[in-house]
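This report concerns only the one structure given below.
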Amino acid sequence: MDDEQEQHLKAAFGDSSDDDEQQHLADRPEKETPAIGDSTEWERVEDIDGLWLCRNFLSVHHQSDLLSAILNEGWFVEESINQAMRFGDLPSWATEVSDLIRETVESVDLPLLPADLLWREPLFDQLIVNLYQPGEGICAHVDLLRFEDGIAIVSLESPCVMRFSPVEEKEEDEGVVDVLLSPGSLILMSGDARYRWKHEINRKQIGFQVWEGKEIDQKRRISITLRKLCQA
Ligand SMILES: O=C(O)CCC(=O)C(=O)O
Ligand SMILES: [Fe+2]
């Protein structure tokens with residue numbers, strides 16, 4: 001290995017006296033962290049216009065940092081409290097998530113969010129963190145109309161099934177669409193997905209939620225919902 005190469009490796013990976021290790025490191029791609037967007041995989045949820053799912057939005061590392069930041073807020077020290085709401089200036093970790101959403105959406109050539117929503121300022125000014133213990137969920141609803149279009153939900157910890165059902169009355173369960181929200185995933189709702197579909201999480205009993213024939217092991221789940229208030 002020549003000096004220049006060695007310097008380069010030291011700069012990239014730190015000093016090491018182990019030549020084998022350096023050789024191994026030299027084989028690795030120069031850039032360890034993929035550029036935003038390069039690695040994110042998006043799925044348009046069939047049948048629901050404006051609903052997009054990114055299963056790998058947050059790395060495992062980012063998920064655990066985010067979880068620590070949320071728990072460090074001290075919002076959930078009492079068992080009876082399972083929701084925290086913030087308006088206006090959001091905690092820095094939430095602003096980081098919001099920035100990451102914008103950067104990621106911008107870097108992907110898919111119609112994930114209409115441009116007027118993506119570039120509004122701020123992108124989000126309201127935050128809800130929900131903490132669900134096993135057996136807890138949320139009833140079918142359309143988010144309040146005092147929030148603009150363009151809603152993001154990031155999931156942490158236990159996976160769950162979110163069920164979408166059309167607002168227009170149908171026979172029970174007719175036309176429902178289930179989406180698996182795995183930890184680290186992000187969903188974006190705009191247009192029809194936001195206004196013409198209700199969403200719910202039904203985890204009434206342990207063993208109640210099943211995905212692809214397998215029961216979901218219900219544990220605590222934390223979600224981060226980001227929205228923007230309509231102007232008065
Ligand atoms: O917890 C979730 O994933 C959904 C939360 C939600 O729909 C809401 O707060 O309006
Ligand atoms: Fe909601």
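Here the Cβ of each residue, glycine as well, is placed from N, Cα and C on the backbone.
Feature annotations, courtesy of TrEMBL:
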{"type": "REGION", "residues": "1-40", "note": "region 'Disordered'"}
{"type": "COMPBIAS", "residues": "22-33", "note": "compositional bias 'Basic and acidic residues'"}
{"type": "DOMAIN", "residues": "123-230", "note": "domain 'Fe2OG dioxygenase'"}
Residues of the domain 'Fe2OG dioxygenase' (123-230) by DSSP state, where helix covers H, G and I: 4 helix, 52 strand, 52 coil
Stretch-averaged pLDDT - the domain 'Fe2OG dioxygenase' (123-230): 96
